[in-house]
Amino acid sequence: MATASESSSSKRWLPLESNPDVMNQYLWGLGLAPDEAECNDVYGLDDELLEMVPKPVLAVLFLYPITKKSEEERIEQDKEIKEKVHSDKVYFMKQTVGNACGTIGLLHAIGNITSEIKLSDGSFLDRFFKSTANMTPMERAKFLENDSQIEDAHSVAVIAGDTPASEDADTHFICLACVEGELYELDGRKAGPISHGASSPATLLKDATKVIKKMIEKNPGSLNFNLIAISKRT
């Protein structure tokens with residue numbers, strides 16, 4: 001999804017499909033070791049379906065529809081976010097490229113679990129997080145915007161999807177991750193990370209679904225929701 005927060009750049013990509021197989025190949029190609037972690041579909045928010053998701057869950061990606069109401073809420077949230085201080089251990093970046101939210105969501109996920117997984121030495125992900133470690137969220141966004149390797153890899157992942165991609169996407173990815181005992185919502189279109197209270201690696205998935213249920217309740221008539229868990233391979 002491309003919005004006002006991305007207006008600093010005229011660059012637009014095609015949106016990434018919410019498809020765990022596509023995302024796995026994408027991440028593994030960028031330097032996440034295949035035996036370290038993988039993306040899995042979450043088929044529903046009931047306890048029985050959540051139990052089917054491979055554990056431990058390291059991060060969650062959520063795709064939801066952009067509406068007038070959600071945009072108004074985002075603007076209001078930004079006013080509050082700017083006044084709050086979050087842990088400097090949270091890896092957060094802005095989104096300046098249209099329709100790059102899938103890639104941004106994956107980078108938010110990996111960037112906040114680097115202590116739990118191994119990245120291949122010298123790979124894109126290894127170099128990206130080392131290069132951007134001390135940057136501001138906007139500097140990270142610009143670094144990504146100017147990197148042709150990730151743009152090419154994103155394009156390949158888009159083509160690998162099961163459905164044709166349209167530039168006029170009306171859905172958006174966010175990431176939910178646990179950092180230092182807190183559940184954070186990471187959305188590059190917002191002013192910064194949003195804390196949703198206490199969490200832990202053991203309860204991350206259930207804690208994230210509580211946040212997600214509230215988001216779904218605000219748009220009950222839509223079916224354009226999708227949830228993907230990034231799980232540690234054991």
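Here, residue 1 is simply the first one shown, and the rest follow in order.
Just so it is clear, glycine is given a Cβ too, placed from its N, Cα and C backbone atoms.
What Swiss-Prot records for this protein:
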- 12-232: domain 'UCH catalytic' (DOMAIN)
- GLN95: site 'Transition state stabilizer' (SITE)
- CYS101: active site, nucleophile (ACT_SITE)
- HIS172: active site, proton donor (ACT_SITE)
- ASP187: site 'Important for enzyme activity' (SITE)
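Taking the Cβ of GLN95 (site 'Transition state stabilizer') as centre and 10 Å as the limit, one finds 28 other Cβ atoms among all the protein chains shown. The shortest Cα-Cα distance between the residue listed as 'active site, proton donor' and any of the recorded positions GLN95, CYS101, ASP187 is the one to CYS101. Within 10 Å of the C-beta of the residue listed as 'active site, proton donor' there are 26 other C-beta atoms, taking all protein chains into account. The residue listed as 'active site, nucleophile' carries a helical DSSP state (H, G or I). The number of other Cβ atoms within 10 Å of the Cβ belonging to ASP187 (site 'Important for enzyme activity'), over all protein chains shown, comes to 27.
Under DSSP, ASP187 (site 'Important for enzyme activity') is assigned to coil, being neither helix nor strand in the three-state scheme. Annotation note: GLN95 (site 'Transition state stabilizer') sits in a coil segment as assigned by DSSP. This prediction places the mean pLDDT of the domain 'UCH catalytic' (12-232) at 93. Cα of GLN95 (site 'Transition state stabilizer') to Cα of the residue listed as 'active site, nucleophile': a distance of 7 Å. Between the CA atoms of the residue listed as 'active site, nucleophile' and ASP187 (site 'Important for enzyme activity') there is a gap of 8 Å, rounded to the nearest whole number.
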